[in-house]
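To start, the structure itself, in structure tokens.
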Amino acid sequence: MKKIAVLTSGGDSPGMNAAVRAVVRTAIYNEIEVYGVYHGYQGLLNDDIHKLELGSVGDTIQRGGTFLYSARCPEFKEQEVRKVAIENLRKRGIEGLVVIGGDGSYRGAQRISEECKEIQTIGIPGTIDNDINGTDFTIGFDTALNTIIGLVDKIRDTASSHARTFIIEAMGRDCGDLALWAGLSVGAETIVVPEVKTDIKEIADKIEQGIKRGKKHSIVLVAEGCMTAQDCQKELSQFINVDNRVSVLGHVQRGGSPTGADRVLASRLGGYAVDLLMQGETAKGVGIKNNKIVATSFDEIFDGKDHKFDYSLYELANKLSI
């Protein structure tokens, strides 16, 4: 293998730059030319592909976001559109493509490997949602978790000062991991996630019990994939009358300098992705399972159920929030 390319796609996550850096430097170490595809799959279509050198990834490991930029590209689902993208890679002699992103990004990579056997593809899980099969953790999850913890800690200060209940909405799409892990970490009184049926009356009863024993404030942490914080507020008001406020944390969860854990994970996965390409592997996603770096076929990732919600952690959070 003499030439590879790397792109970031979908929602950005802290640590993507560290992953790109690892891909670029591992490839150059092995005398492989590296090209950066700017603006994700849209960049593949627009031929926005440029050679990267060692210096191209200098001073990036600590930066959030992605210097390669990212963009949604729904038209990439069309085969005729993909032919243009594939030709833009082939004319440069690029034999391998590393795609950093989520489930949709992986599906684009799989299509390329199916439709052009000359180009190998490897996926790296980059999303704060932690919703990708084939890995215990995705790049960006730990940073987003710590961001949420810091924000909720601050909100709790004002909740305490005014004796209020705060209903806080966290990201995560259809996965409740961010809300669960953050909720346990901040001592939230209630955690609302898509994986567990929500009983609003039970939440109201729990808040009321806390008030009766002298509790002045409460934190309700809601995963966006379950309901909005506003909807939760409306439903709660049917069962309990307490001074409350809504806080939607929003895109601040995607930003910020990556934590040490995300930098290390991104570096390990980026380096391993290049190793797999050199070994002739294709149509696989890399990940970490039981602290071991692994590779799983895209088919298994799409069909698999190995990334399961940790119900034991949810039960622990409930026990500790009495």
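The count begins at 1 with the first shown residue.
From the backbone N, Cα and C atoms, a Cβ is placed for every residue, glycine too.
Cross-referencing GLU189, GLU195, GLU224, GLU281 against the substrate binding annotation in Swiss-Prot, which names THR127, ILE128, ASP129, ARG164, MET171, GLY172, ARG173, ARG245, HIS251, VAL252, GLN253, ARG254, picks out GLU224. Binding site for ADP per Swiss-Prot: ARG21, ALA22, VAL23, VAL24, ARG25, GLY187, ALA188, GLU189, ARG213, LYS215, LYS216, HIS217, plus ARG156 from the candidate set ARG72, ARG156.
Cβ atoms within 8 Å of the centroid of the Cβ atoms of GLY11, ARG72, CYS73, GLY102, ASP103, GLY104, SER105 (the ATP site) belong to the same-chain residues SER9, GLY10, GLY40, GLY101, GLY108, site residues excluded. Of all the binding-site residues in the record (ARG25, MET171, HIS217), the one with the smallest CA separation from ASP103 (ATP binding site) is MET171. On a Cα basis, GLY104 (ATP binding site) lies 34 Å away from GLY187 (ADP binding site). Least crowded of the binding-site residues (GLY11, GLY102, GLY104, GLY187), judged by neighbouring Cβ atoms within 10 Å of its own Cβ: GLY187. Long-range neighbours of ARG25 (ADP binding site) (same chain, six or more residues apart, CB within less than 8 Å of its CB): LEU54, VAL57.
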